[in-house]
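Beneath this line is the structure, given in structure tokens, with notes to follow.
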Amino acid sequence: MASVLEDPSLERHLKGHKDAVTCTDFCPNHKQLASGSMDKTLMIWNLASKARAFRFVGHQDIITGVHFSPSGNLVATSSKDRTVRLWKPKGESKVIKAHTAAVRSVAFSHDGQRLATASDDKSVKVWSVPRHCFLYSLNQHTNWVCCARFSPDARLIASCGDDRTVRLWDTSSKHCINCFTDYGGSATSVDFNPSGTCIASSGSDSSLRIWDLRTNKLIQHYQVHRAAVNSFSFHPSSNFMITGSSDSTVKILDLLEGRLMYTLHGHKGPVFTVAFSRGGDLFASGGADAQVLMWRTNFDTKPYLSVLQQHSHRATVDPPPHVSDIHPRAPHLHHPLPTEIQVTIGHLNSSLPLSLCFHLSRHQTHSAPAHSANSHHRPNGHHVGSARLEGCMEHYGASGSGATASSQTGAGFRGSPEEQQQEDLSSYPPCLDTTLQHIVRQLDILTQTVSVLEERLTLTEDKLKECLQHQSQIIKEIGQPGPRRRTANEGHLSG
């Protein structure tokens, strides 16, 4: 069984919104969590136990974005009512009539002096927070702009939108200095990593991409969800990332190893927002089920190498899955295991959930894990992705009918003679095509990564040659005057 010291665990189950939760953000003081909703309200949750939450009313339409100022004294919200509001702790707010269409996101700069907003009017606008006035607009997007974020040093702004592009702007020149166009659908969210060296962007094509700004190259590409990725958040260490998707899951990625670490099934319906706390010890998720789940990270509290070592020891297919055992059943890079596992589902009791589908409630977080479900089913078949970027740990629920299980696994119930004949003709595992597609995609990413490494190696070699040549020249210059001085001294003594 997994140790509670290293697995993420549900900390609190927050209910108060009357419609889908669209955005979340933690206060820098680690004492509050803000959430916005389709019910047009802003909720401020106090993280201390038994502390009451506050509901702020003012927007006339869906709240689309929320962000605490670095000082924690202000909360900015954006809305489809075309306005941005700056809230004070007591509930007072100032309205900024920001755009001519719905405002999709709002974000403070890291010094708290400026505010960036993205809108369906195809523009990104920057505002002065102290003066509550408009500064300038960025206007090269050709469709709705979904998200805009400042870099840590506030010298850049990244934006993305329905025109399938991610744009990088220079805040001093107000010009677009780069444009990434690799998406097959709308780009839904964008953000800088904490060090400001990379940007990540999620898409409606279920992908998540990370670019290195120093080389302008794609360095990681994840395809771990089955539907649009609506939100993501970097851990403050830049080593981990959480993602929320319309496939109802929250996933945790290990960016150092380039693999999937955990899949959390806590929401009933699409997950619209995820956010790490400023310290990284907590993260929150919200979705269409109108609930906010607050999780304790845990996996970042132990030394990284010790956690990897324990993961490798536990990557085995022998024991049945357990509700608290949410480590990925994937080979660790240093200890390879068989690359494919295929188990045919037998007679499945459709009224019972499979393990690892976290039908979480506040009561369940304080109760012992139930073992009864494991005695009624066998683990679902799944495949393991490439060692570079995939680490699949999927155990899908079968709370519906047998047809649902079939659509998720490709190995469900077949009743008609024609279907039985098709099954007999299929001599290869159903997941083989998907596995091969994953391998091809990951090989493309590996090729690009090798190309970047080769470029860096070439630059390093050139720099090393220059250093050696410079060093040899200095040695020559130092060595040549010496004999002349000794000769002159000798001549002086002899005279």
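Here the Cβ of each residue, glycine as well, is placed from N, Cα and C on the backbone.
Just so you know, TrEMBL annotations never went through curation; they're auto-generated.
Here TrEMBL flags 14-55 (among others) as repeat 'WD'. Packing against the repeat 'WD' (14-55) from elsewhere in the chain are residues 61-68, 70-72, 75, 77, 79, 87, 89, 91, 269-270, 272-279, 282, 284-294: each is 6 or more residues past its ends and has a CB under 8 Å from a CB in it.
Under the heading repeat 'WD', TrEMBL lists 56-88 (among others). Sequence-distant neighbours of the repeat 'WD' (56-88) (same chain, 6+ residues past either end, Cβ-Cβ under 8 Å): 22-29, 32, 34-38, 40-44, 94-108, 110-112, 115, 117, 119, 127, 129, 132.
Here TrEMBL flags 96-129 (among others) as repeat 'WD'. Using a Cβ-Cβ cut-off under 8 Å and counting only residues 6 or more beyond its ends in the same chain, the repeat 'WD' (96-129) has close neighbours at 61, 64-71, 74, 76-86, 135-139, 141-150, 152-154, 157, 159, 161, 169, 171.
TrEMBL lists 138-179 (among others) with the feature repeat 'WD'. Listed as Cβ neighbours of the repeat 'WD' (138-179) (distance under 8 Å, sequence separation of 6 or more from its ends, same chain) are residues 101, 104-105, 107-111, 113-114, 116-120, 122-126, 185-192, 194-196, 199, 201, 211, 213, 216.
The repeat 'WD' annotation in TrEMBL covers 180-221 (among others). Long-range contacts of the repeat 'WD' (180-221) within the same chain, counting only residues at least 6 positions beyond its ends with a Cβ under 8 Å from a Cβ of the stretch, are 146-153, 156, 158-162, 164-168, 227-234, 236-238, 241, 243, 245, 247, 253, 255, 258, 389, 441, 445, 448-449, 451-452, 455-456.
Taken from TrEMBL, the feature repeat 'WD' applies to 222-263 (among others).
Non-local neighbours of the repeat 'WD' (264-295) in the same chain are 8-15, 17-28, 30, 33, 35, 37, 39, 43, 45, 47, 227, 230-237, 240, 242-252, 301, 326, 356-360, 397; each lies 6+ residues outside the stretch with a CB under 8 Å from one of its CB atoms. The repeat 'WD' annotation in TrEMBL covers 264-295 (among others).
Feature annotation from TrEMBL assigns region 'Disordered' to 395-430.
Taken from TrEMBL, the feature compositional bias 'Low complexity' applies to 397-411.
According to TrEMBL, the coiled coil annotation covers 436-463.
In this model, the repeat 'WD' (14-55) carries an average pLDDT of 92.
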